[in-house]
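One structure below.
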């Protein structure tokens, strides 16, 4: 097999988002002495991990979206963005993960030219939705903490829905070039055989993978992470400053408000950390392979690194519900309630709020909801009006 083709086929199904190669597996490029171990890993361990990722990811994300849709008190700005994250993850879990899993059992690309064009677009769209939504979430936390007078209104929720839709549109548009360049090609194997595979760019083009890997790293990782870092720098600076400049008579109330805001910022930061941890290995591995286009490492160790990077990238689609479950007591109670059939809706039985950008929403045990207006104090000491549903 020519080195170029080998490089294409062995690249990870990660950051280039076109690297789904069910027709070719890293085991095809291993020395014969390593293939027994590789076969065990590929036939037993990897499919089990994929099945676990799909099952856990779908359960967590679908329940998360259901909780937000069925509890009106939770339809806040940050929750809309979190639901957007979950929707993108569900799309990835239902399409890309099963297709990638098939590569360990099929010797040919079985999804045709349409699948070769569509699957890379879906994966890149999902990653775009994730990273751009995390950036929007960080911007929302920045406004909520640095500009505390900007209180959430019903119009803000509608505008956030528009932003979420815009994120999907932008993500799809940025992913369209994947469909343009991806193609099904016939590849010569090591054992004088050949197979069909979906490759992300023409086999003879050595410049394309370098440009592609750098652009993907910048647009889907480095630039958003830089923006998020700037937001959190200002968030941290504001929280530290406000902690030393609170009026004494409002200290107790404002302290609770500050704790709530810090908790919300912490949740978003955990989401960002999970994304970085899961996707960074794929970015590095893809750029390494793109800039060493004419070389290939057929060792078992290299195959394991590739598989770990691939599995990590898909794990990002199921970790957010777990993070929310651990960090939010209210979500944890709602989630447990959803899993217990036959019980009354949790929103009818207990006070609840999950993530609210500024207004505090409560539900009553014994009476219908009614609105009252109260005065509250924000971290800069100003008194503002805040609506509570009791």
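Each Cβ is built from the backbone N, Cα and C atoms, and glycine gets one as well.
Since the structure is predicted, the reported quantities are computational estimates derived from the model, not experimental observations.
The S-palmitoyl cysteine annotation in Swiss-Prot covers 341.
Residues annotated as phosphoserine in Swiss-Prot, with similarity to another entry given as evidence: 352.
Annotation comment: Swiss-Prot describes 1-44 (among others) as topological domain 'Extracellular'.
Feature annotation from Swiss-Prot assigns topological domain 'Extracellular' to 98-117 (among others).
The feature topological domain 'Extracellular' is assigned by Swiss-Prot to 177-210 (among others), with a curator's inference given as support. The average pLDDT for the topological domain 'Extracellular' (177-210) in the predicted structure is 78.
Swiss-Prot lists 288-305 (among others) with the feature topological domain 'Extracellular', giving a curator's inference as the kind of evidence.
Annotation comment: Swiss-Prot describes 45-65 (among others) as transmembrane segment, evidence class sequence analysis.
As annotated by Swiss-Prot, transmembrane segment applies to 77-97 (among others).
Annotated transmembrane segment per Swiss-Prot: 118-138 (among others), in sequence order. Residues 17-18, 20, 78, 81-82, 84-85, 87-89, 91-92, 95-96, 99, 111, 163-164, 167-168, 170-172, 174-176, 178-179, 182, 198, 200, 220-221, 224, 227-228, 231-232, 268, 271-272, 275, 279, 316-317 of the same chain lie 6 or more positions beyond the ends of the transmembrane segment (118-138) yet place their CB under 8 Å from a CB of it.
For the transmembrane segment (156-176), same-chain residues at least 6 beyond its ends with a Cβ under 8 Å from one of its own Cβ atoms are 17, 75-77, 80-81, 83-84, 88, 120-122, 124-126, 128-129, 132-133, 136, 140, 219, 357. Among the features that Swiss-Prot reports, transmembrane segment is placed at 156-176 (among others), with the record citing sequence analysis.
Residues 15-17, 124, 127-128, 131-132, 134-135, 138-139, 141-142, 174, 200-201, 272, 276, 279-280, 283, 286-287, 289-291 of the same chain, all 6+ positions outside the transmembrane segment (211-231), place their C-beta atoms under 8 angstroms from a C-beta of that stretch. Residues or ranges marked as transmembrane segment in Swiss-Prot (evidence: sequence analysis): 211-231 (among others).
Residues annotated as transmembrane segment in Swiss-Prot, with sequence analysis given as evidence: 267-287 (among others). Non-local neighbours of the transmembrane segment (267-287) in the same chain are 11-12, 14-16, 19, 78, 85, 127, 130-131, 134, 137-138, 141, 213-214, 216-217, 220-221, 225, 228, 232, 305-306, 308-310, 312-313, 315-316, 319-320, 323-324, 327-328, 355; each lies 6+ residues outside the stretch with a CB under 8 Å from one of its CB atoms.
As annotated by Swiss-Prot, transmembrane segment applies to 306-328 (among others), with the evidence given as sequence analysis.
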Against which stretches of its own chain does the transmembrane segment (77-97) lie, if we need a Cβ under 8 Å and a gap of at least six residues from its ends?
20, 50, 53-54, 57-58, 61-62, 64-65, 68-69, 119, 122-123, 125-126, 129-130, 133-134, 136-137, 140-141, 152, 156-157, 160-161, 164, 167-168, 171, 264, 268, 271, 314, 316-318, 320-321, 324, 354-357
Using DSSP, break the topological domain 'Extracellular' (98-117) down into helix, strand and coil residues and give each count.
11 helix, 0 strand, 9 coil
